[in-house]
Structure formats: C-alpha cells, structure tokens
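Novice: The structure under discussion is supplied below as structure tokens; questions concerning it will follow.
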C-alpha cells in the first residue's frame, strides 16, 4: 500500500511540532540540571517515568565526573585505517567530543573514514571463566574509561554454548537485572555437545575481553571481536567483529542494490518502518539481523545471527569489519558453519524453525491493485484476464473494498455483491483480502457501533499508553485508530474471532496483512504526553533510521504491550501479527494451509507467513533490485517471496511491464499489484502474449516449484537460489545477482534494462539446455551475450537434474488434474536426478501425517528410474506421468522399453527422436502415481543418419563397401537410403589445438591414420587448419584448408571487412567440437543449431573434399544452376551436381551457372544463408535427417554464413558480400524480341513494323548468331548487311538493340580476322600448361569455304564444318584490353547496339582437336579430366569424363591478374563470371551509357555486372512452371534481372493456350524476352498470332508497362541495398508457414502479387492469400480474403494480380515503348491497409546514364497515407524532368465505406480542389489531376472527408 500523502499544512505542522519539541526538551534539561542538554541525554537523571522497564538504572555505572586517562592510540606510521572503529557514530565528530570520550583523534582526507576512533582503554576484561553446560561462563568487568552514552553496566556475564557441531551461541547479559530478551516461540534452549565434537574452536581473550570462533578444518577465524571494544550500557550495546572474507550477504530490510554487500563504510539501520523502497539506506519493513559469508572456493561458509529486536544499525567497513550498535536488549549471537552456503542457511532456519509449507494454489499468479474503485471494475479485470487465458489463481482486493477502510467490513455500495463475487472466484480460483492492524474508533457509516472495535474494547486487546491501561490512539487509513496487541493471548483470540465472523460474510481464501511495522500517520500517538518520555523516545543513541526519530510514523516507544515496551518489541509487531493471523486462519480454515502475506517480518516469520518486497516503484532499477531482495529473503527463511510485478507506484510502461511480468513469472510469489491513480497494468490490459506464455511455463513447472518448497519446509533449502549456493567453487558466481536459480536446476536470466535485447549473462560451470527448445547450449563458466528479444526471458535447465512438470491450465485447481511429465536434462556423464513431492495441496499437516506421495528420479546407463519412496495419498494415484523428455543424449534412440518395478519390460513405440538436437520425446505413457517405473532406451543408427561413404561413379557391392571400411546394410529396392554408410564413430582427424580469440577461433587438425580407416578417393591432407572469423554481428566465415601447402582458392573478390567487426551483440555462437571433429553454429536468439558438421564422413583429400552438416529444418532453398522440381528442396535422398555446362534445363542436369549457396528457414521462422566459396566441380546430397553433404573435387572449404534473421534480410546480407545487383536501364525492363534463325534483315524489319502497327509495347530487338558471318564474333553476314541501318532507324524511334557475342574466336580464317589476329598479338587465349600452345576446341563458327550439310549428325557436323576456336582468357589483363577494343571497334565501325548478350560461356566446347580429329580427349593429366574414383553427379555424354563433357580440357591454363596460373580444373565454373564484368565495362566505355549485359553462365557476384536468362528452355507447361522456380532462385543468388525465354526456345507449343499463359507469365519476368529457335518452333511473337491473342498480349504488356515505375524502383532498391525483386511469398510472410513452400505465385517487391496459371486447360487457379489486405489489380476492390487458399477465376485473357494493402505503387500510362511511356502521366495506386495506412517510394532518373544513384543524379520520393491524408516527400531531387514527373491521377483503394464529399490538394503553396470519382461498393476513390499541372518533384498533400 502507498505511503500516505500529507498535505502542505500537515507537513508544516509536523515540522513546527518537531522544532517546538526539541526546544522544550532543551529547556527542560537545562532548567532541571543546569548543564547542557546534550550531556543530560547522555546521562539522564532517573525519574519514575523515564526508566526503561527492561533496563533499570540502579544496575548502571554512574557517569564519571572526571576524565580517565586517555588510552593508547596506534602509531600513525602504518596505521590500518580500515580497522578504525568509530567512537562518535551518532553525529559529525569534533575533537572536543573525541577527547571527552578518551578516543583517538586523527582527521583524514575522507569523511567516511572515522576521524575519532577507539583507543585501547574501552571495553571489558574477562574474569572467573568457568566451563559449564557445553560452554563457558565468564564475568566481564568494564575497563574504566569515559562513557559514550551513559549508564554503562559495570559487570556483564558471557555465556557460550557449543549447541551443535556447526552452531555456536554466545550471549552477554546483565547478571543483576533482567533485560529485555526476544520471546521467540521457536528458539529453544539446547543442552549442547562437547567442544571436541564441533567443527569449530572457541577462544576467549581476557584482557581486554574478546571472542574468536575458528573453523577447525582450515584454522580460518570466522568471528573475532578483538578488533573493537565491547560497550554495554543501558541503551547502547556495541560489538565489532572482523570477518574472514569480503563476500557477505544479508541484513534487512533495506534496498540493497547488490546481493553481495558493499563494504565501503556503509551504515544499515534496522528498525521496522512503513517506508517506500528507494535508492537509499532507509530502514524498511523488516527486522532481519542475519548475514552469511563465503570464505573460499571450497564452499565453506558461515553465518551470524543476532537475536535482538531493538532498534539498531550495522556498520560495515572494508577490513572487513561489522559493528553492531544496538539500543537495548542483550547481545545474543548464533554463529553457523557450513560446508556450503546452502548449509549455512539451513542451519540458521533450524534455530527459529523452517518455513511453512505453502498451499499449492499459493504458487499461482495473483492479481491486485489498490483502489479498483468498485466491484464492477474488479469484475471487468477478472473477465478480461480470464478471456485472455492468463494463468491466474487469486484475485486480491486492497483496502478500497472496505467501508471507510474499516477492517472486517465491506463497502455495500461500491462493492455491493462482494460475497457473491467471492463465490464466483471460488469457482475459478481464490480470493484474498487485505487486513491492516489498525482498528477505527469511529462508528459505521450508518451510525451503528463498529462491533470489531466494541469487542476489542471489551477484551482489552489494544496497545496501551505508558500507563499500561489507556489504549494508544494513532491514525491510519480509517482515521483515528487503536492497535491490537498481538502479543496478548486475548488479542489473538479476538483476532481469530473477527476473521471468522467476516469469513461468514465474505468467503475469502487468504489474508494479506499490511501496515504492520506498525504504521501510524501521526507521530507517536494522539496524546503527545508519551513522546515526552525522553529516554525511550529520545534515547541517548538513535541509529541511522529514517528521520532519526524513534517514533516517526509509528507508536510511542513507551507504549506497552504484553511482551514489553514498544521500545523493545516494535520490530516484532508484524511478526506477532503473523502468528495471530496464522491462528485465525486455523480457525477459519480448519486443517487447511490457506495463505498469509505480511509486509513486516522478523527472523522466523517464514514459519507463519509469506512476504512481498513492499511498495516498490515502476522503474527498471527497482525491477533489478528485486532480485537481490528475493535472494535475501531466501536467506532469511522466507522463500515464498516476490516483488510487485510492473511496480506499485508510478505509471509503468508496456516494455517495463512486459519484462517485469516475464521476471515475475519466476518470483516464488508472483503478483501484479499497483497503486491508486496510476494506469492499469494487468496482463490482459497490455496484451496477453508474453505474460500468458511465461505464466503458462510457470504453471507447467509448478510440481517442480512445489517440490522445492517441500524441501524448504523439510530441510531449510532455498527456493530462489543465488548462483553461489550451487557454484561456490567459481568466484564469478559470488557476485552474480541479476540472474538466479529455481533450486539447483532452472537458470533464469531476465532483461533488466529498457530497449535491450542482448543481456550480459554469466553461465555457471555446468551443462545447460534451453528450456523452450531443449537444445544444449555451448556455454559453460563464461560470460556471454544472451539474445532475448522483447518476448523472451532466458530459461535454461541444468544438466544432471530431472524436473517434474504438469500440463498447465489457467488455475492450479484445473492444472492439478492434468497429466504429469518429466524433463530429464542429462549431465556430462549422461546422468540426472530429481524428486517430486505431491499431496492434496492444502491440508495443514499432510507432511507430518505422512499423507503424501514422494518420488525420487534417477538416470544412468540409458535407464530412467521413477522410484516411489512414499505413497499415502490415495487420491493422487489417479494422476499419471504421461510424457518424458530427455535432453542431451549422445546417440540416437532405436527403441524404448518401459515397465513397472518387478514386472516384465514392454516395448513402447510412442516416441520421437530429434537427431539434430539429441532430444528424446516419449508420449502416451501411463505411469500412475504410487507405482515405481523404469524406462530404458536403446541406441540406434537411424536410416536418416546414414551418410553414404561410396559416392563414386558406378555401383558399390558389399565387398567394395567393406573393403573401403564402410558399413553395409541392404535396403529395399524402393528405398533411397544408402546401403553403404560411414560408421558413426568415423573421425579421421584429431583436434590438436584450439585457440579462441575475440575475433574468432583458430584450430589445427591432424590426420589420425588409425581412425582414418575409410579410404576416400585420392590422398588425404595430413594437417588442416580451421579458421573462424566473426565478421559483422550477422555474418561469419569458417574456413578449412591445408595448413602446410597452398591450395587453390577462388579468386573472386568479396565485400568483407579487412578485420572482423563483430561485437558481443553478434547473433551467433560458434564451437569447434572433437570426437568427431565438427563446427557448430548456434543462433543465439533461439539456441537453434543452424550448422552442425559434427557428423561422420568428413574428409579432406587432394581431389575429394567432403563435409556434411545437419540442417535446422526441412526448409532449404537454393543451389544451382540446376532445374529443380520446386523452390523448396526435396530432402529425400537427392544429389544435385554443379558444374557449368551448355545444357538446356532438365531434371538433375547441371546447367549454365554455378551457385553453391543456400538459404534455410528455421522452424521458428528465422532464416540464414550459407555460401561455400569453392569453384571446383561438386555435388550436394540432401537427406531427410535433415542434412546436407557437400562433395567437391578441389580447392578448400570456405564457408560464409548470413544470420538474417528474416529471409529477405539474410538475402540482403549475402548480396552485400557478393555485391549488390547491377541497375538495369529503364528500357531493359521493356518487352524484348529475339529469334535464333532470322533469315535476314528484312524479316526483322517486317516484325518491327507489325509490332509498331499493332501498338504492342516493345523496347528491344535482338539478333542471335545468325547475323554474323559464319557465326564469327564482330562480323556481319551478307544477308544482314543492312542491319546497321535498320538498327539506326529503330533507335531513333526510342527502341534499343542487343547483339549476341560468344567467347570462342575462330582460328581457321583464310581472310584477315582482326579479332583473332589482335588476340594472338595480345596473347589472350587459353593455352595448354607450360607451353605456348593454344587449346583448340570447336564451337559454332564454321570453317571458311565449306558447304554445310544439314543431313549429317551433330558430331559429324562438328568434324566436317566447325572451325577450331580459341577461348579468350578473361582473367588476363591483356584480354580485358583486347575485348574492350573489339567491342569498341564493332560499335563504331560496323553497327550500333545498346546491350550485349554473351552466350556459350560455360565455356561450351563441341570437342577437342587432337591429331586432325575432334575427340573428347585431352593431352594428359587424366586425374584432372577424370578425377580418381569420384566425379560429381553431373550430366555427361556416354564415354566422356564428367569434367570435360562439352567443356575445355581441365589441364588448360589461365593467368590471373597477379601473374599466377590456375587450371581450368579449378576455374572452369568461373569462365562466364570472368567475362561479364569486362563486357559491361567495354559496353559502357563504348556507348557512354548504362546498357545491359546478359550472361548465360554465372557465379556468385555475377549479378553486380549483368543479368541472366534461364537458357535454352522448351515450349512445355513443365518448363513454364520451372521458370518460376529458376526466377526465384536467381533472385536469391543476387541476379534479379532474370527471366526465361517466353514460350520456350525449342518445340512448338502445339496449343495457343500455352502461348496465352506464357506471355501472361513472361510479362512479369524482370527480363521479358521471347527467343524461339527457327528449326523447332513457329514464330511466337505477338503479331504472329490471331487478333484475339494479339490483343491479349497487348493488354498484359500494357499492365507491365503501367507498373514499370514501381518495378524500376524495386530494381533500384536491390541495386542500392540488395535483396530480391521477384520475391517468394515467404520473404514477406515468413511468420506464416503456409508460404514456405509456395512458388507458383510470386511477388514484385513487397506489394504486387502474381498468381499465374501454369497448368494446361485451366480457367481457374488456386492460390494462397497471405495474411494482409489484398486488392484485385484489375478492379481495385478488396478481395476480403486473408490467410487462406482460394480458387480464383482465370479466363484465358486474364492473369490474377493483387496489390497488398499498406503500399503505394507509382505507375505510368503505358505506350509503345518506354521512351514514349516515360513522357506520359504518372499515377499512384494507394492501397490502404486495415488501419488506413500505406507507404511507398519512387526512384527516378534518366533511365540510362551510368551510376546515377552513386552520383546523386536521381529523384527519390516517399509517399505516405495516414487515414484520409496522402502526402509526398521529396527525399532527393538530383534529376529534374517535369515532363516525366507529371501526376495524372491518384487511385485510393480501400478508402472505407463512408461517402467522400470534399477533397483538398495542397501543392506549390496553394490549395486546390481536385475533381474525384468514387465507387462506394468497391471503396475506391480516384482523383483526376491531369488539368492541375502537378508534378511529383514537388511535395503534395491531398486530404478528403
């Protein structure tokens, strides 16, 4: 409850009262004694009403009037400053006072260090030491010395007792007069044991007296009071002790920011007080005098408890020394020794008895607030949290339910119906009410007597004034009040009766007792006479308590209770109230445990009640500090403790409350509560997800938590446990207090800072598993950066423990009926243990009466034993263990057997095993409680875990398999499982060294011949080096290479930092494993293992490298270029070869490109990408493990991993490394026509004229190699001699022209051929190694003067008519110069062109010239052309080696720019890549414009310089469908300018319908070209078809041209930032798993969805509608579908197109070509989302200049829709062309159903009223701006209403 808010008048009166009181006291003392008042307080004159009853003055030594001789001070030289014991603790020191007290005066440069400290003349001497009662007894006589506070007691008695082997007590009392002692009901006198049987020795020094307690085992001194004097006066007791270490914990209640105490001269006052916790040392609600310390890494610890309830302070200084300064009572110390910190806590709790066993429902979540205002509000909060499915057991009401805040009443107006509401709560959970101790003295609201007060008066139950008979009147919430004296047995009877009577009205279930420090809003009492009793209310020494006034905000210190004066028992008020409430609960709920929550506590309070940490504030700091408070109360024996989640005072925030609810779900006591006047903060108010999720986990773990409370009750163990209790051998754990444990086994890591998703967390030395995934974490005894996004808290299970669980529900009543389960977290020895306690959850003495079930669990040797050690709770036997999850197994599980003890084991088939994460999940068990059971699991070798060890060409037999060392197991003919596979223990390399670095890891591997018994192809490399580099936080590299010899590495430059740049925020963790060797990469956020090569089969041989990795899911995409059957890879035992080849697309046929890159989606929705930078021939095998195996025939392993976390972000990260894609010119997005086999220029000219006449959009014309003379590059044939003039003509019309170039240069010419001759001069051609001989393959060029015979076979034609050609070596500098000149000369001397199409650059060869014949053979180096044993799974011609099939010989040589040589064997797959950039450079240097290069062969980074088409496809429906897959894949690979030849290259379609669909689909390829071949296909250009098809072609192409501004903007986004243009649905909707396999639909960017028909004879198409708002592009209408499959109508002339709500698409009216369309009006399509919001951008430039973005020569405009306002913002204006920026119309889609009557346009600083039309049924609104001269290069704003 909140601190009372005083008015300004009240504050003024209080201050005035204090001043007047102080003056009065001073005057009284001066007048009465004629000496200064300060001396009188130190030595008061005894009076009948001023003497504490506990300390009669007659036993005190009078204060001396003469100053004794000063004591001896230590020499200044070498004085131990930190050992000074302060001699003036009550005020700022002065030299005069110091000398008066006989102390040493030495000022210091720091005021926290005492300037005045004790000399050796204070204290006591010990005399008459005798042995008795298992201890010593001695008289201690005061050493004559000046007094500090007067009334020093001359002689005291020391009594020691060796109570137990690990507990020692010493007590110092007044032998002559009974002083006040704490009447603790559970602390019993002990008989003690002989000193010889203890763990400690005790030494008492006599002159001066001091006592030491020494641990026998190591002679460590645990307590040494010789460091300071003993002072013992009537109202001031002081003793100091030196501590054995700096690590101490405890004392309370206060706000301690850290669990370990700060030793730097800190004062902590202890005196119970109603005070708001804050950033200070104020005394708070409790009085806890216990502390403990740890001595060393052996765990040996100690504790000290002072049994004293008087006001005191403890002073801690760095030595370390603790000084107690106490205002009364006696000194009664208990010292505990334990072998561990946990043992010390257990021993302390044994002194005052262990905590009560809570009811099971007490562990459920509770919801409360101060001042709901009415029962209706409470009901609404309950309703919404129930509806949200929040696990929630108890609703609490604060004092606002009462009538005028009177106890045992309820407000019958605001809370009318409360009894019925309580009954409803019982049907769903529990109801808790608050009770304060203060009882109003006023009548009820209706004027009736307040019977609770009346009955209390009758029984004389109140705390009285100093006369012992007059009830003391204070003030609290009800107004003027009296206070029950709970130390009086009559009061306990009255209180129990009142509780019972009220329960008869309102059936509550538990009691929350508050304000019991005890709190009063007036100082002392209404009658101020008590405050004038100086010695109690103004003692000579007042500890550093808040206000420095003993009765501040409480009762007068001379008030009388049954146990004594308030001066002595004040701090016991809450403790005694808890005892009384416990007895009341026993009456109200006979034999039930109920629930008691108290604010004020004392040692032993946990036996009676639970505690919360008080009226905290909604702040991040207080959330953090709450962990220390929780851990401290675990020390104090109050394990059911927690802070108020989300904070009590001040408005919380959503983020703070979310994070606090995550933490609060793991407080032992979990409650959300806040104060009046502040915002609501119940879980359902902020949204249920995070709160519900973690409360559900809490409820799942309640059997574990309940068992921990059983152990706390039985053995005094802690529940919320600091690290040091479990990991005391690790000094890092001694200071950790931002994380904690549940018991020994659950690690909780909360987020305690705003805006943070990465937490610096310490992971102790154990095996840990992610609770939510079961995945084993690699961390151990290290500080890590734990990724915890907004909806996550860190939860980790400790290996070696078994956690009982239960299927959760929304209340414990419901959940207790659900099946039980076990989570077994195995340790390093594959062992674990655990326990379950189960009873009815509420009976008072179920443990004492043995009415419970107790299990112990253990695992060893692959066997889990569930041993029921006690069973006397019959009702519990209906429950059963149904599930068991085992984490951290090392081997796969083949079978499970289960059985009850002494019965036959039976096979159990209901289990799954996660091989990747080694998690066994067993379901459908039926282990009823009370029985004992065994579960055994047997290891297996799953088919899915078999990695083939015979990938060679040909079929293996059992003999060849076993000879190699493989395992053999025949499989059925239908199975793809390999019959030959690696043994699981296969481990040919030993990890010999590993070196973690801040920037990565390095390691060395050594071939281990005895283990390398499997002989893989070629010779193994003996020594390998592993290098892991942490590049940016979202990317890493790991590389395996020959440590002793340089091997070929790919000479392709990547954009990676020169030095790693990652920080502790990186998204991944990497481990290098051994036995077997492997690299593991985990995503920090989920713990998911996303790369795990710790698998059999790793090999690194000279010409055979193999590595396998597990995949995190079955969702994998990429690898190419190969025709795939779907976008998602089929992992059912498929192998795909990669080696660039002149191969038309076909199933499993390696084709033109080489892309060893994949992207994987993890089951959680995260994505990552992996690139293997290797250019040698390879294949990859997928298997359903899921796993992937790479095999390559050379180079090294050089992997790059991109962590995303979304598919599109992972793709962008990959593109950033390989280079962002080239920006095509605007015209390159237009429709393009080509054909292989144009006969002459006239045929092309006729086509062009027909297309223009039909007004079909069309931008680019091509010619294939037919335009050349005999297919010779840089020539024009006779039939095309007029082609240059035709090209000039159409270019004037705005058209563009692209010509083809193949790399092969003929060497058989009889006439001058400059291209060849200059090539010879420049030495540009590929040669045989170590010679000057050119390699002479044959390709397209024909021999001169040869007649072509078209009747012979292809091979015969190659021999008869094809010329010998030389291939330029594009790696050479000289070649780049030569190529640039040939292109330049051709452009300037023969014909103009705008782009270049480079073909046949795999490179393709039809054969090799050998001895006058074309043979598919090479000169030598058979191991290169026919790699030993293994060849990747590649397409070959019969009789050919895989490497040389349609390729140059592998031993031919290339020269790199640095002059080094490489073999075709290594760089074959780079040939096309090496040609693309020189071609683009030459094109741009020649034309001065951007141009475009289209390359058939590609490799990673090709997209930086060129586009690609999908090759020589077929006119089939199958190829149409496959084109979508290829287009999506090439976007992944960084080549967004991609398309297939529309309608195919080969074969006639046979049906016009295929053309209909082909042109519809092709209109939405980024690269839209038709290019059939003459020999196999009819003309397919639009004008070659009937009029209907022509119109349909025109219609769909006009849609494309309309959208080109949007599409061009998407190409710019990819060029500037990477990412896809043609986008899979999953890239935008990755959290919707339905999208993960879709490829027959695609997106343009984020906003435009294409759903084509790709099957014959269909007039409908079924497509998925992702979870967003979608509009039909053709109509603008909202289709009102989300997240479902839907069948759309698809007539032959229509393709389904949809625009995504929330986006704005810039468009432009179409025209015959882009040159003309760019001059038409722009328009905007504004598609509103469900919130009437949308955004979009437009990128504009001149469409053809080079590097416009890089040079700032562009316009960038941002559009935003907000409800009914559309604005544009010009972000960049480096390109100005108003003609191209004219805005003609704006189309608003999804505007809403209200009719629009008014619109305003603000443009150019003026307001306009634009004309508009609307269709209310479609919710569309169209603004016509054509007559308003609006251009987009200036901002606009349109509003409508």
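From the backbone N, Cα and C atoms, a Cβ is placed for every residue, glycine too.
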Novice: From 398, 400, 404, 467, grab the residue that Swiss-Prot records in the same substrate site as 274, 599, 673.
Specialist: 398
Novice: Please name which of the recorded positions listed here, 109, 514, 1399, is nearest in space to residue 1512 (active site, proton donor), Cα against Cα.
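Specialist: It is 1399, whose Cα lies nearest.
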Novice: Are there residues of the same chain, six or more positions away from residue 765 (N-linked glycosylation site), whose CB falls under 8 angstroms from its CB, and which are they?
Specialist: 727, 729, 730, 780, 781
Novice: Taking every protein chain in this structure into account, which of the disulfide-bonded residues 73, 98, 116, 646 has the most other Cβ atoms within 10 Å of its Cβ?
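Specialist: Its Cβ has the most other Cβ atoms within 10 Å: 646.
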Novice: Could you state the whole-number distance in Å separating the C-alpha atoms of residue 1308 (N-linked glycosylation site) and residue 615 (active site, for isomaltase activity)?
Specialist: 96
Novice: Spatially, which candidate from the active-site residues 514, 615, 1399 is nearest to residue 87 (disulfide bond), comparing Cα atoms?
Specialist: 615
Novice: Which whole-number value in Å describes the distance between the Cα atoms of residue 73 (disulfide bond) and residue 615 (active site, for isomaltase activity)?
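Specialist: A Cα-Cα distance of 47 Å.
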Novice: In sequence order, which same-chain residues at least six apart have a C-beta under 8 angstroms from residue 1762 (N-linked glycosylation site)?
Specialist: 1732, 1733
Novice: Just how many other Cβ atoms lie inside 10 Å of the Cβ on residue 657 (disulfide bond)?
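Specialist: The answer is 29 other Cβ atoms.
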Novice: Compute the average pLDDT of the predicted model within the topological domain 'Lumenal' (33-1841).
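Specialist: Computed over the topological domain 'Lumenal' (33-1841), the mean pLDDT is 92 on the 0 to 100 scale.
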Novice: Could you work out which of the glycosylation sites (1308, 1829) has its C-beta surrounded by the smallest number of other C-beta atoms within 10 A?
Specialist: 1829
Novice: Which one is it, among the recorded positions 464, 657, 758, 1373, that lies nearest to residue 109 (N-linked glycosylation site) by Cα separation?
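Specialist: Comparing Cα positions, the closest of these recorded positions turns out to be 758.
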Novice: Restricting to the chain of residue 1345 (N-linked glycosylation site) and a gap of 6 or more, list residues whose Cβ falls under 8 Å of its Cβ, or answer none.
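Specialist: Expected: 1310.
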Novice: Spatial neighbours of residue 98 (disulfide bond) among the recorded positions 104, 615, 657, 758, 910, 1399, defined as Cα within 10 A: which are they?
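Specialist: So the list is 104.
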Novice: So what sits near residue 758 (N-linked glycosylation site) in its own chain, CB-to-CB under 8 Å and at least six residues off in sequence?
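Specialist: 785, 786, 787, 788, 1064, 1065 - these are the non-local Cβ neighbours of residue 758 (N-linked glycosylation site), listed in sequence order.
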